[in-house]
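Peer 1: Relevant sequence annotations retrieved from TrEMBL are reproduced here:
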| type | residues | note |
| --- | --- | --- |
| TRANSMEM | 7-26 | transmembrane segment |
| TRANSMEM | 46-65 | transmembrane segment |
| TRANSMEM | 77-95 | transmembrane segment |
| TRANSMEM | 101-125 | transmembrane segment |
| TRANSMEM | 137-158 | transmembrane segment |
| TRANSMEM | 170-190 | transmembrane segment |
| TRANSMEM | 244-262 | transmembrane segment |
| TRANSMEM | 282-304 | transmembrane segment |
| TRANSMEM | 316-335 | transmembrane segment |
| TRANSMEM | 358-385 | transmembrane segment |
| TRANSMEM | 392-410 | transmembrane segment |
| TRANSMEM | 416-437 | transmembrane segment |
Amino acid sequence: MSPEGKSLLNIFILGFGFMFMFTAFQTCGNVEQTVIKSYNSSGFHGSGYTSMSIIYGVFSASNLIAPSVVAVVGPQLSMFFSGLVYSGYIAMFIHPFTWSFYTASVLVGIAAAVLWTAQGNLLTINSTDATIGRNSGIFWALLQFSLFFGNLYIYFAWHGKDTITDKDRQTVFISLTVISLVGSFLFFLIQRPEPVVVPKETQEPPLPAENSESSSVVVPPQGLWSQALEAFKKAIQLSVTKEMLLLSISIAYTGLELTFYSGVYGTSIGAMSQFGHDAKGLIGLSGIFIGMGEILGGGVFGMLNKCNRFGRNPVVLLGLVTHYVAFYLIFLNIASDAPIAPEEGTHMQAFIPPSVEVALLCSFLLGLGDSCFNTQLLSIVGYIFREDSAPAFAVFKFVQSIAAALAFFYSNYLLLHWQLLIMVGVGFLGTLTFFMAEWLVICRRRDSDYDSI
């Protein structure tokens, strides 16, 4: 197999591994607040929103050390052991206790930082400047199939149910645990990539350094601890570069809307008593439509790679417009107290009679818009910081997880319309700063072209 073929195979294996893992974990996150509300135990006092807030809060802090762990252990083993922790978190729901629930939340936060840093590293070392956009799209589309399969299972398992029994919960979470473990073991199939020789005339010139200290390739000193310290220092340096600071608002926006579509929106649909006895089953159906939007966006804007000549800005703008349409329709269709309604649901009505069709259309639009932002962010970060991919993606996840932790925290208290308003404002600012970062990349590439003449 050619080096390019081997690298492409690695991307597919990486995508399938994440697809299995997050079929389990994203489905877990989507239904855990509903499951907890239905759990009959006087000894359990947990909140799904609080758990996810802990996960993303610890995730953000752990990103400071994640590059060091990946540098010492290697990306493949880092992803495998992180996957085992994810599986443990899911298995905890088979018979949950308050202490195990929150302890597992902390451990998953640490594992998530290592997992996503290793993923960004593997994605970058298996890509070239010409294939980073395509590979980002392939990975993203495969990852988002997890929303389709997991939520399809939830829809059929809980179809027509008002409450979730202990047997229902145990059956679902045993299945999800096994699926997660399969994904973890798939990472062992990834092979070491070989360098791809690209003809001179087809190579994109690298971005010129802003200064020699922040962008030169650092050869770490001998010894594991020195290597780990060097990775930590590099992450700190990259976090204050002009490009990363500009991209940070866009990355933070993806954290806010990740919280919304992966937890808040599904819970809100399940709380709408006007949707009838099938409201709980609609949580799974909503996740399926989110996944369809994610897969379509990942395929069109990444795998097909048709929009390269127009740059990344039009795709990000499309993502913002798509989200704005979804937010407006959600505002009209879902009751404002739905995210924080009790187990029996809400009887309030929004501005139009509640419509299942409109709710599912919004799910699709949320997924499509999210894929627009994430495929382009993965592409631009992988391109700009090619030589320092592990610390760069650690910074990426640091910013994203802080925003997600904050959003899961305020989701316990804020009504729906306030949550939508926050995303509208941050999304607008994030799109503007992404445009600035992309234009900076284009200008530096043009300057580099002139210098090479």
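Yeah, the Cβs are placed from backbone N, Cα and C, and that goes for glycine too.
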Peer 1: Cβ pairs under 8 Å with the transmembrane segment (392-410): which stretch of 46-65, 77-95, 101-125, 170-190, 282-304 has the most?
Peer 2: 46-65
Peer 1: Taking 7-26, 137-158, 316-335, 416-437 as candidates, which has the most Cβ pairs under 8 Å with the transmembrane segment (101-125)?
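Peer 2: Looking at each of 7-26, 137-158, 316-335, 416-437 in turn, the most contacts to the transmembrane segment (101-125) are made by 7-26.
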Peer 1: For the transmembrane segment (282-304) and the transmembrane segment (137-158), does the number of C-beta pairs under 8 Å, pairs 6 or more apart in sequence, reach 3 or more?
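Peer 2: Checked: the transmembrane segment (282-304) vs the transmembrane segment (137-158), in contact.
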Peer 1: Check for me, if you would, whether the transmembrane segment (416-437) reaches the transmembrane segment (170-190) - at least 3 Cβ pairs under 8 Å, residues 6 or more apart in sequence.
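Peer 2: Per Cβ check, the transmembrane segment (416-437) does not touch the transmembrane segment (170-190).
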Peer 1: For the transmembrane segment (7-26), I need the partner stretch with the highest count of C-beta pairs below 8 angstroms, choosing only from 46-65, 137-158, 244-262.
Peer 2: 137-158
Peer 1: Ranking 46-65, 137-158, 170-190, 358-385 by the number of C-beta pairs under 8 Å to the transmembrane segment (77-95), which range is first?
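Peer 2: The stretch I would name here is 170-190.
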Peer 1: Check the transmembrane segment (170-190) against each of 46-65, 137-158, 244-262, 358-385 and return whichever range has the most CB pairs under 8 Å.
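Peer 2: So the stretch in question is 137-158.
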Peer 1: I need to check the long-range neighbours of the transmembrane segment (244-262): which residues 6 or more away from its ends have a CB within less than 8 Å of a CB in the stretch?
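Peer 2: Tertiary neighbours of the transmembrane segment (244-262) are 26, 29-30, 52, 56, 238, 290, 316, 323, 363, 366-367, 369-370, 373-374, 377, 380-381, 385, 392, 395-396, 399-404, 406-408, 411, 419, 422-423, 426-427, 429-431, 433-434, 436-437, 440.
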